[in-house]
């Protein structure tokens, strides 16, 4: 009997979660207990297991890539090109968000009185200082064990880069045993990822069930236009903008989407991009980016290359302005672009970064910050496509940088899920480890 593919099982879990979540709205007496005691724990288990993998994987992959490469200038060049790419693409996303907001006008026609009676959520804390000096201090860890335990990716990236360069500076006989250990940890964490992925359909069932159960029609209808505009904008940005960038680089965006379809569905279902980082590194490497570039660009992009979040900041800002019937001139919107670009880079790695950027933008523009509460109420539904776009953008970035570095290798065969090719995966990891160790 043929084995059911992972993507089929994930879709089945997603559909079942939608059905169960919808049915719970007809049984309010059982809804709260089923969500808190069954569905939410089932989903949280999956999120926690995937987050458990990210920090050791990022550390091992980045140290192995830097120390095994031996060319610090090449690593630095890749890093600079990646950061430049992130800045350009996320800035384009912000401008596109404002264009969509002007054309679709998601806030026009929405009734403040009706919205005030719908469910809203408490906002994520945005009190963290995002000034330039504080951002630099936040990147540099004072206790690496502490930031690893907290899952803070930027300080872990900083320490990994420093550790990698330090290790590469050692004599060969001293560094080679440790490089072998780091590569073994990397390969082990990829194997752990494959084990955890068998649970993903169950986790997605729980997460989607909670989402659908928590949002009834009464909460969705007043903001249906904003939700619809966000979904359409995400699709257009992925196909037109990222597709155009891919075309210039000689990459077919639809082939890339097909190659990472499992990761896109996972990211969409969980609204958590951390759940797909390990698989994304493997898929991008199989698609043609060297391991050294994939392991450097993708984790960095998780903090600096949030295309979906950047796109939504523009849409969300205009939604609030239109909701409160505050006209914004072309000059006002040009100033908004500058504010968003600067704030989005300053908020990299800050928890709830999208709300931090949105709050700073609204405050600087003199727009009512309390309008964010209406967005927060249904943001989970919009965060799903936003997260998927973030993942697509971070899959394309290392491929573009690899092309830029003339290190792109055309894939010899279609990229398939790791669990569908266990022998190939094992040999490729072993080969990669051996290559890094020489």
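Just so you know, glycine gets a Cβ as well, placed from its N, Cα and C.
Between the listed ranges 122-141, 202-221, TrEMBL ties the annotation transmembrane segment to 202-221. Residues 293-320 are the range that TrEMBL records as transmembrane segment, among 293-320, 321-348. The stretch from 7-27, 82-104, 177-196, 228-252, 293-320 that makes the most Cβ contacts under 8 Å with the transmembrane segment (47-70) is 177-196. Counted over residue pairs 6 or more apart, the CB atoms of the transmembrane segment (228-252) and the transmembrane segment (153-170) come under 8 Å in fewer than three pairs, which marks the two as apart.
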